[in-house]
Structure formats: structure tokens, C-alpha cells
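A short write-up of the structure that comes next.
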Amino acid sequence: MIVEEKKGNMGRDEIHGDQFPIGMRVLAVDDDPICLKVLETLLLRCQYHVTTTNQAIQALNMLRENKDKFDLVISDVHMPDMDGFKLLEHVGLEMDLPVIMLSANGETKAVMKGITHGACDYLLKPVRIEELRNIWQHVVRRRKLEHKDHYHHDKGEDHEKVQTENSDGTQAAGVNGQLDRMAKVNKKRKDQNDDDEDDCEENIHDNEDPSSQKKAKGCLVR
């Protein structure tokens, strides 16, 4: 079990001030140490406050012990001790924090499962820093929904009904938006992979040295 906590450029006292989303508190979960390290590095570049763990069960315990310590959870889907969907279910029921799912599987069925289970976003591996720079929007959106619920509750309206309507509308919009976005991301990555393959094949044919050929082929690995 590995748990690490690192800050971006801002201290924790400045997390929820005028500098937001700088210092946003993110819990990152992935059993793959390399993927977790890459994710942590990218999140720190976004100036988030990052805590990492390689076990979903440990992540759940940390959340239960410190409910107000985190603003957002980003978790891999496939993990040995507890899969990301189960973690997502627990977080949704107990903490109501926004959860982002990470996976190399970008098929429609997988995305649908993540969103219908309550994920606020579904990102493809390898994750890109451009995507992580925008994840703070999910925290803001969740807070707005909470304020809206409190407003209707104070007016004496049916809290459960309002909450259900908000959830249904958000989920439907989330599924459609995610499917559209994933289709665009998959196409963009496919085009980039095709370009990389063409470049690598030219390098291989132009160079007779076996060691150089091996190096050129290595650029196909992303």
C-alpha cells in the first residue's frame, strides 16, 4: 500500500480562496505505479493538491476518515482489490463527491457504464494534461447543484423530487456529452497514431542500422 500527498504551488490555506482551481484537492487512485506517477505529475502541473494511493480500499478509507479533505476523486477502472465502479458507488452514496473514471477502454459500453454509475467524467488513458486542466469544472458544477438543492429545501419544496430531477437531467446530458467527446478523442488519437506510424515506417526504411530500426519502432508505443 502506497499513499503519497503532494501540493502544487499553493498552500492548503489558499485552496478555496480566489485562486481556485489552484490548490483543488484531488485523490488519485491507480494500482499501476507508473500510471499513478504520470497522473500525479500531470495533476501537479495543473497546480492541484494531490494525494495518491494504489489501492481502492485504502482510498475509500481515506475518504471516510476525511470527508472534507478532498474535492474530487480520479480513479482507474480496473484494480485488483476493488474495481473503480465499486469505489464510485461507495463515494456516491457516502460522500457525494465528483468522481472521474480512467481507463484504456473507450468503447461506448464502457463509457455508458461509468456515467450511469454516477461518474462525472470518463477519461481515456493515456490521459492528457489538457483534459486534467478542466476537471475543476466538475467540482463547481457539483457545488451549484448542492446550492440549488438547499435553496429548494429552504423553500419547502420536495427535496427528493428536486434531487431526482437534477440527477436525471445531469446523467442524460453527461451520457450524451461523454459519447460525443469520446468519439472525437478516439478519432483524434487514431489520426495521430496513423501519422506516427507513417513517420516511423519512413525512418525504418531509410535506415539500415538494426539498432536505429528498433529505436524508430519504439516511437509507435504511446
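Just so it is clear, glycine is given a Cβ too, placed from its N, Cα and C backbone atoms.
Automatic, uncurated: that is what TrEMBL annotation is.
Residues or ranges marked as compositional bias 'Basic and acidic residues' by TrEMBL: 146-163 (among others).
Summarising the annotation, TrEMBL assigns compositional bias 'Basic and acidic residues' to 202-212 (among others).
The domain 'Response regulatory' annotation in TrEMBL covers 25-140. Confidence across the domain 'Response regulatory' (25-140), taken as the mean pLDDT and rounded to a whole number, stands at 95.
As annotated by TrEMBL, 4-aspartylphosphate applies to Asp76. Listed in sequence order, Val29, Asp30, Asp31, Asp32, Cys35, Gly84, Met101, Leu102, Ser103 are the same-chain residues six or more apart from Asp76 (4-aspartylphosphate) with CB atoms under 8 A from its CB.
Annotation comment: TrEMBL describes 146-222 as region 'Disordered'.
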